[in-house]
């Protein structure tokens, strides 16, 4: 999920950070924490991680598009006779928990790599506000806490957000981008991967797999470079902390779309970047690419189009009728990356049921989000391993029955 701070809209990103500096800080030979976990997939990837001493299992959305990791914490003052939400973190039960005071360096505004507004609350503790691109607000105190994977595998104290828990169902966010306060940066994770299972209508949330450290399946993956850009190419619309890849084309069936490669590269204003984001559900394309995709989809399946229907203010390739038949008309949709790597989704898997018997192609317009780039969301990562090998600056894909 892409994010921006409360004081700036549309999305803007700092020009001070260097992803190449991040990569150089990792030890190539390190295996990380060698940790395997399962997650539930329901529009997002929901992992459960062991936080605190002793550890408390906390649900967090695995998000490669945002920086700050944060968890849901108990409110200090609960209503009388009202138990706290079962899924939230209880700081009083952890011996390694501490709250950052206002005079902590991270609490000073405008520090490099940290775009989240911080203030001093009434208790002289560091308070943060994080506003996501979908309008969701997360706020609370900045704290230090450890993750305890096993007695011998414990992270150093990490800076996390501790948000006030309003709901027993609410999850935190596991920020995994390249910003220096993300989980992978603070914990010095050299590689991580996940396998997104295929969603099935009218059935319970399927289970996927998440690795911190080496993945035993990675020998079969196809790899493309993670792109970095010098500071003078980082303009206001460019996200320096995103996992940026070289998208070179889009294919529908056997037909490659007539889209200039320049559409998928940052222009002089930073627009056109292509990012892989586990925290965004659908895939979003800039207008120059989206219009070509829509034109071809309507050419092959336009007679089934639900005219005038737009889902989520951004998706207008929506259909009435049998999704299997519509999927056969559309065929395979493939995103082609540098080094001959592609991810391809076939037939009806390109359609998502959005309610009322309507199925939409899982691709929307980036401009509707206020984003000036392309986002490969988790919908198009289904039935694929995706490995972020930070020590070798590359991204791997492997087809799998997750």
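Glycine is no exception: its Cβ is also placed from the backbone N, Cα and C atoms.
For 63 (among others), the entry in TrEMBL reads active site. The DSSP secondary structure for residue 63 (active site) is strand.
Mapped onto three states, the DSSP output places residue 277 (active site) in coil. Sequence annotations record features per position, and here TrEMBL assigns active site to 277 (among others).
According to TrEMBL, the feature domain 'Peptidase A1' maps to 45-398.
Taking each Cβ in turn and tallying the other Cβ atoms within 10 Å, the top scorer among the active-site residues 63, 277 is 63. In this structure, the C-alpha atom of residue 63 (active site) lies 7 angstrom from that of residue 277 (active site). Across the domain 'Peptidase A1' (45-398), the model assigns an average pLDDT of 89.
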